Amino acid sequence: MKVLGIDEAGRGPVIGPLVVAGVMIPERKFSILRKMGVKDSKKLTPERRRFLARKIRRIARVFTVKISASDIDRMRERGFNLNEIEKIAIKRIIPEAQPDRVIIDSVDVKPERLEEEIRSHFGEIEVTAEHGADTRYYPVAAASIIAKVERDLEIESIQKKNRKLGDIGSGYPSDPRTREFLESFTYDELPDFVRRSWATVQKKKQ
């Protein structure tokens with residue numbers, strides 16, 4: 001049975017993309033992920049995540065969807081919330097992967113509602129959506145690692161290309177470096193990798 005795990009990185013940051021990743025692997029290879037030490041990306045150092053991401057790519061099929069800050073803003077202007085935006089990415093990955101079963105770290109407060117939505121959209125597919133799925137299912141833990149590594153690489157790329165603008169920090173609103181970076185611009189001057197629809201930034205309009 002081909003099992004697809006899906007997770008994301010970058011829901012909360014004010015800078016950079018939302019990254020949704022899928023990792024598809026035959027069920028018989030779950031033990032390989034376990035032996036490799038695959039677990040929830042938040043419990044791993046950046047170096048360990050990158051090491052594991054390379055190994056995951058060797059034994060599994062990997063899918064990523066990156067939704068830029070400006071695309072997030074455009075979609076929010078059209079009335080989409082962040083959960084709906086993430087679901088759009090999930091629905092791009094599933095048909096490309098064509099799994100027998102999909103396990104999702106639920107974006108919906110009611111996981112069963114997400115399960116029903118995916119089933120009705122894709123027909124006869126076995127769906128599991130749970131909060132904290134990245135701590136219980138190896139393919140989802142692997143997807144969380146891929147998503148975090150890809151998101152970190154995107155942030156590094158943004159920083160390198162925009163070094164003259166200053167230190168962007170981690171991109172999270174709680175990061176003092178990120179806050180200082182945002183404070184150096186008026187709302188209209190903000191670069192396109194900043195999510196203007198975030199409350200942190202909206203305050204600048206006032």
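Glycine is no exception: its Cβ is also placed from the backbone N, Cα and C atoms.
The divalent metal cation site in Swiss-Prot is built from ASP7, GLU8 plus one of ASP105, ASP108, ASP152, ASP167, namely ASP105. Long-range Cβ proximity for ASP7 (divalent metal cation binding site), meaning a same-chain Cβ under 8 A and a gap of 6 or more residues, is found for VAL20, ALA21, ILE104, ASP105, ALA133, ASP134, VAL140, ALA141, ALA143, SER144, ALA147.
Confidence in the domain 'RNase H type-2' (1-206), given as mean pLDDT, stands at 95. Within 8 Å of the centroid defined by the CB atoms of ASP7, GLU8, ASP105, the record's divalent metal cation site, lie the Cβ atoms of ILE6, ALA9, VAL20, ALA21, ILE104, VAL107, ALA133, ASP134, VAL140, ALA143, SER144, ALA147, excluding the listed residues themselves. On its own chain, GLU8 (divalent metal cation binding site) has LEU18, VAL19, VAL20, ALA21, GLU86, ALA89, ASP105, VAL107, ALA147 as residues at least 6 apart in sequence with a Cβ closer than 8 Å to its own Cβ.
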